[in-house]
Amino acid sequence: MDNPPVKMMDPTLAEMGNHLSDAMKILESGKLESEQGKERRKLSWKDIPGPLQGDGQDVVSILQLVQNLMHGDDDQQGQRRMQYVGEQGHMALLGHSLAAYISVLERERLRKLTTRILSDTTLWLCRLFRYENGSAYYHEDDREGLVKVCRLVINTHYEDYATEGFTMLSSKHPVIYQSAACRPGLGQHLCSQLALPLSCLCIVPCNTMFGSLHQMDVALLDKLIRDDRESGKVPLLLIANAGTPGAGHTDKLSRLKELCVQYNMWLHVEGVNLATLALGQVSSAVTAATKCDSMTLTPGPWLGLPAVPAVTLYRHEDPALSLAAGLTSSQPVEKLRALPLWLSLQYLGHDGILQRIKHASQLSQQLLEHLKTLASIKTSTLSPPSVFSQDSAPSSGGSVEGYFAGERDVLDVLNRWLGEQLAQQVPLSGVDVVELEDEGTCVRFSPLMTAAALGTQENDVAALVEKLGEMIPVLSCTLRYRQDFKDEVLQQASLSYIEDLSWPGLGGVRYEPRATDLDEDKRQHSVEKINNDLLKKLMELDTDLYFSGGPEFCEEKNCIFIGMATEDLDVAELVETIVSIGREIEESGKLFENMTEVVRRGIQEAELQLQKANEEKLMEEGVLRQIPLVGPVLNWFSPVQASVKGRTFNLAEGCLDSTEPVYSVKAQMNKEASLDSPKSITKRFPGQKLFRRHGAGSDSVSDTSSVSQLEESFRETAHVQANNADEAEVPEERHVHIVEETALSDQRVPEGQETESVDTLR
């Protein structure tokens, strides 16, 4: 589109567009502030609310404050998951600025302008989504349109409602019907806004015997309506889905429309599948939505437009009732809500709009085609979708079929872990986790709601499929080994198995000390210390397994939880290693507890012997030699050969011995120790990590590498090679050497020149 000449443009509009462009560049670049400025900001109080400054600030300073509030201390742009704002997004943002500027025009000119904007936008949307002769209501909250439609229907069924109010409803209660698959809280919000009791809301179950589990049961709905009419109630409105929020299913809209005509009810349709009405070929199930009385569209997520309103299209012949319900307004300023959408639709054009919706459908088709080749995955759709055919929704949910069909809680936890990992490792895919009543926890891929905003492409879907191929074997192995791990733990008397269904992994254990003579407080302290040390040592092992203290809100304390498993995992070796390390920690703790008393008694005995040795020295040398001035002179003329007696304190036996045999055999002990080699509990082949069975299959290497990549985000500490601990030499005896003088040092004192020494304790 050619830009008009600058001389024909309002200077204020041109300046507004330039300012918006400059502001977006500043906020998106993140390079406005220097490194020194960032350091000063960390030490300043500018982010704390305070009084308004007396003198104004320039635009750059204000934008800097906005940028700081947007991003905080996150200086890495790549870690921000923000919506992709392209040129069409800038047009939508410009619409909000223009709405404020246009609102200051004179009333008559403003009325003409807003009427043109509103009529253009309504006409374009009705033609795009095949809704003939419709009116439009633009609203920020996507539920607000349905609230206004309900008020319109109430005014239609109760002629004196405008004057009598709720007294008209007390005699004949209105009833609003909605599917059990509708988004949570929708019916409650309607009753709250309309001041209706919750008894006016009727939840229609979905099919349980025939058809989809997410489609409204039409036969049961018919029975409910007849029962309400017989009891004097007024069936008012039915809310149906063209794409349920969880699984993307479409209700039988044609049959529902027939019921609504039969019982004089209003049919309102909402859902993501309404976007496909703009495509060239649409399934008959979705096409039936064009015959409904009203529908709510959300073009913002579908087209990647930020801050554009939702639209409710409706058909009604009485403009007075529409005005009373709030669907139309006599205030021109309220009609400017359509301005951002008016600008964006013109910028995209008809082809651009179709291209975005078509692209999202192709992404869904691409994923579902790949899901057919993956084992242990089931989709929530009945038939595979195509680009132009919407027999099923352009969104899919996947769940892992478990080996233990009854353990739904375990499957839900693993599926939740799967969804979180996929969202973290492939963020541009837009997958999330949803809870469905029948299927449980599922992973949802809804490109119509996320692709335009995130910029999802075919390679992102390919990366998503690749990650699924890596994670599914890990999930399957974990499910299969959970029971084996539990059985192995229960066979060990010193281990307790921790049942926590919220943990995505093998399970949890607790090492229980064997001592039975401790009181409860000391025992709890011992359990805490042993398991904490055990967790640290397990995390230092050379293995791909993930060890943790458990979920954040775990009720069990002092536990060790093991993460995901692979095909070549040796569960028996894993449990034996946990028991062995725990026993070593427990015995080491007992040794040090016993050593405390031994050392205390040994020190007392050493002090007595040192005191006795000093007395013997005094008797041997005489009193004169202890005088500071006389002693050195006397020693010069008459040297005394002092007899040095070294002592060593044996911690293992708790007694004092002579140091002479220690130094005489020191060389021989070092030589023998160097010949000893550390022993390994389990023989491992080169390159084989702990707890891995050799020869488990050619897929073992790939599974091991994949689980290492999957659980890298879980690890809070780096791995430490186990060889460092194995090669550490542990002495059989620990000694404290006690000497009376410095006679054992390398430098010898010449005969006759000995000086007074102080007994030292090394």
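A Cβ is built for glycine as well, from the same backbone N, Cα and C atoms used for every other residue.
Annotated features in TrEMBL:
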type	residues	note
COILED	596-623	coiled coil
COMPBIAS	731-740	compositional bias 'Basic and acidic residues'
COMPBIAS	753-762	compositional bias 'Acidic residues'
DOMAIN	407-479	domain 'PDXDC1/PDXD2 second'
DOMAIN	485-590	domain 'PDXDC1-like third'
REGION	720-762	region 'Disordered'
According to DSSP, how is the domain 'PDXDC1-like third' (485-590) divided among helix, strand and coil residues?
46 helix, 15 strand, 45 coil
Please count the residues of the domain 'PDXDC1/PDXD2 second' (407-479) that DSSP assigns to helix (H, G, I), strand (E, B) and coil.
51 helix, 11 strand, 11 coil
Restricting to the coiled coil (596-623), report the mean pLDDT as a whole number.
71
